[in-house]
Every structure is written in structure tokens, then in C-alpha cells.
Amino acid sequence: MRIYNTATRQLEEFVTYTPRLARGYVCGITPYDSVHVGHGRVYVFFDMFRRYLEAQGYEVRLVINFTDIDDKIINRAREEFGAEAYKRWREVPERYIAEFFEMSKRLFIKPAYAYPKVTENVEDMVSWIKALVEKGYAYTAPDGSVYFEVGKVPNYGVLSRQRIEELMAGARVEPEPGKRNPLDFALWKSWTPGEPWWESPWCPGRPGWHLECVVMSTKHLGVPFDFHGGGADLIFPHHENEIAIAKAYFGVDNFARYWIHVGYLTVRGEKMSKSLGNVVTLREALSKYSGEALRLAYAMSHYRKPMEFSYEVLDQAEEMAKTIYTAYDELGQAVGDAGEEDKEALDYGRYVEEFYAALEDDFSTPQAAQQFYGLARYIISTVLHKIDKISRNTALSILSQYVKMADILGVLERREVPKEVEEAVKAAVEVRAKLRKERQYQLADYIRERLAGIGVELHDFGQRTYYTYRRGNRLR
């Protein structure tokens, strides 16, 4: 597989440091508010990427962090708790971390290898800062804050393709109090009365954002690891500063081989943001659409390009999801009607080949999703009509390939139906088949209507009848 590496601005063959082991880190949320569909795009992409690697035989160690102490969290605590904020601020990140896990489950995102929190790793961060000060890459300000000195690192700006001179020209003429250079950034922030704090050799305070991710990623994955990812808005300054810190601490040019970034989510051409009032939370979206619909909607845009969010796209994706389930349900039943040998060749292999070819070319999910959906429609329009002309082995092979493709996209995650429901529906369908043979069509139609009322749709193919479930109804 070739993947675009932001660090080199090139498509590169994806090769891990350890064969069949992929180690990756994705910057997680700052849990001060509800996760929105823009967050969902990032984590669904890396979930699909992880699923693809696992399908290729890799063990994947994916780490996602939580920045569970931050100015935004402190401000939200003050809004909610007033004078009690100092004691109750942890309730804010705990609430939104719980929501993150709930929404991840509803989006069928597989659990990460680890979910480190900043507040659980402060001691390690203090240790890093000590080392950076000793090496001459960091300095202490009069108020006790500690800053990283950007000018001490060769080739600063390598990830974002910016020269330090150009960055300086765009920065403030006078640095903030305590800074030697406007581009220098905080490794340790001094305590402000009323805010949470931790002990350090310099002053009570808390870690800086850029330090946090590099400490937690390397703690869980080692140095160097295979890929580091996040939204495109993190390229500068966050990921640029992570590289600078790691270069100073470890003496390596790049502590991750591939830097993978996901494009913005837009609404009517504008970036989704709280300041513009155009944010759609995942809870809101998932109250109207299935997790598979959101995954398919994300897949229809290439990960590196901006994605225009609209309910029209989600409507289309929901219909695609229904078709995908129909193909699965009915082909699973049709296997029993297949013959002993192939009397007719079916051209389903091209969908499979082009699906994987698309993913191998910079993980092009729009083309992959198109091929997978094409196979679903081919199953319904052709395979089911010719099931008696192909062998059971061929039918099972088609079903197996279909499920493998679906598992990479994560769009057949509700395929299991309770056994007692399956048996009851099957019995009703058998009774209806007898009624049709006896030409008792009014009673047969009555059974069809009653089944439809509980979310079971019947499709007749001559004398054969297959059924599919409308997921999300009371059957589930």
C-alpha cells in the first residue's frame, strides 16, 4: 500500500519498522464539549485504516490520547460550577470522555490499544522537561513557566514546509512576557489561582499541549514508531512542535515514519466550528442516521480532501447501507439454494480486485466504497437471480469476500440477528411460501405486511423468497 506522507509530501510505500506490526498514534480530543461529526471523520478514517492493516495480517497498536486538562476545560468548569470549579473541574473531561466512548461504539470504531490521559502522565512530562532544560533546549521564565526554544532546533518547520524566518516575520514583534522568541512554546505553564496544578521543580503548574502528545506516544509505542495522525489543522503548530521536542530529546530527525492527516469538514464551504455556529454533534447525527451511514458518508470523500457535510449525503449513505444489508441477508439465505456445480460464470471478482486496488492507492475510500456498493447491487441484481446456476462453493466465496470488504469499511456491524427472531421469521416465510403455492395470495400478503411492520422485508425471486432486516427497528 502507498500512503501520502505529509513529512515528505509524497506517496510512499507503507513499510513498518517491525514486520507485521503497525504502531500508530492519533491525537485525541480535548474533552470540554460534545464530539462532533468532524471528530468522527478523523477517528473513523483511522479505524478503517487499522481494519485494513489487520485484514492484511498486521497487529495494530493504535494509541489515542485525551488532553484532559486544558484552558478550555477550566473555562467550561467555571461556566458550570462557578466557585466550585477548582474542586469539580474533573467532572467536565470525565463526562465528555464517556460520551466519546459512547459515540465511538455507535460508529463501530474498534477500541484502541491504549487511551492515555495527560493527568495520568504528568510525572513523565516533568522528567522530559528537566532533560530538555539540561540539554539547553528549554529555559525558565521569571514566573516559573518553562519554554521550548525553537531556534535551537535545526530545520524547524520541516513538516509544515515553513522557514523559521518566515514564521518570525508573521509573529508578533515583541514576544510574550517571559519568552525569548515569539515562536517559543510552553512546556510547563505556571499556576494561576483557582486553576488545577501539579508540583514541579520550577513552580506549581501544568504541562503544555505540544509536550503531552510526544511523551504519551513514545511511552506506549517506542521510538521511532510507524505513523502519527490527526486532523490537518494539527500540522502546525502542534505536530511541528512535537517533532521539534522529539528531535531535541531523542536526537532523531523524525520520531514517526509517516505523518497522516485528515482534511477538514465543511458546511456550505466553511470549516465546521463552534465560532460559526455550524457544528453538528455526533449524538445529533446518530439520532437520525445509523453508524454505517456516517461511515459510508465519510468514506465517500478522500481522507486528505475537505469533506462537505450535508444531510443529503447522509440520506444517500443510509440508502446505501440498507442495500448493503439486503445483499448480505439474502445471499446468506440463498447459499442453500445454490447448485452442485457452476453452470454459469459470474463476473464478481472485478469488484473485489478494484476495491483492494483503491485502498492500496493512498487509501482511496471513495473508489473502494463504490466498488463495494457495486458488488452489493450485483449480488441483488444478478447473483440472487442465478443462484441455482452457481455452486454452493462459489456462493460462499462471494459471501466471504463481501463480508471481508464490509469489515474493512465497518459497515456490516449489526449483521447478527437474535436466534429466536431468525427462527420466527424463517417459520413465517415458510408458511407464506405454502400459501403462495396454494394461491392464497390474500393471506400471503397479510404475512408480508405483518413482517414489514416489524422491520422484515420480503423479496420474491420466482418461487424463492429471501428476507432482510431493517436495522435500528425494534427487532434490535
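Each residue, glycine too, has its Cβ placed from N, Cα and C.
The model shown is predicted, which means the values in this text are computed figures rather than measured ones.
Database features, via Swiss-Prot:
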| type | residues | note |
| --- | --- | --- |
| BINDING | C27, C213, H238, E242 | Zn(2+) binding site |
| MOTIF | 29-39 | motif ''HIGH' region' |
| MOTIF | 271-275 | motif ''KMSKS' region' |
| BINDING | K274 | ATP binding site |
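Features as recorded by Swiss-Prot, highlighted on the structure.
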| residue | record | contacts (Cβ under 8 Å, 6+ apart) |
| --- | --- | --- |
| C27 | Zn(2+) binding site | I64, N65, C213, G229, G230, G231, L234, H238 |
| E242 | Zn(2+) binding site | H210, C213, V214, S217, H228, F255 |
| K274 | ATP binding site | D33 |
- Query: Once C27, C213, H238, E242 are set aside, which residues in the chain still have Cβ within 8 Å of the Cβ centroid of the Zn(2+) site?
  - Reply: W209, H210, E212, V214, S217, H228, G230, L234, H239, N241
- Item | Close approaches to the motif ''KMSKS' region' (271-275) from elsewhere in its chain (Cβ under 8 angstroms; 6 or more beyond its ends) | 33, 36-38, 264-265, 309
- Query: Among C213, H238, all listed as binding-site residues, which has the most CB atoms within 10 Å of its CB?
  - Reply: C213
- Positions on the same chain near the motif ''HIGH' region' (29-39), where near means CB under 8 A and six or more residues out: 66-68, 70, 72-73, 75-76, 92-97, 99-100, 103, 231, 264-265, 272, 274, 279-283, 285, 294, 309
- In the motif ''KMSKS' region' (271-275), how many residues does DSSP assign to helix, to strand and to coil? 0 helix, 1 strand, 4 coil
- Query: Using DSSP and three states only, what is C27 (Zn(2+) binding site)?
  - Reply: coil
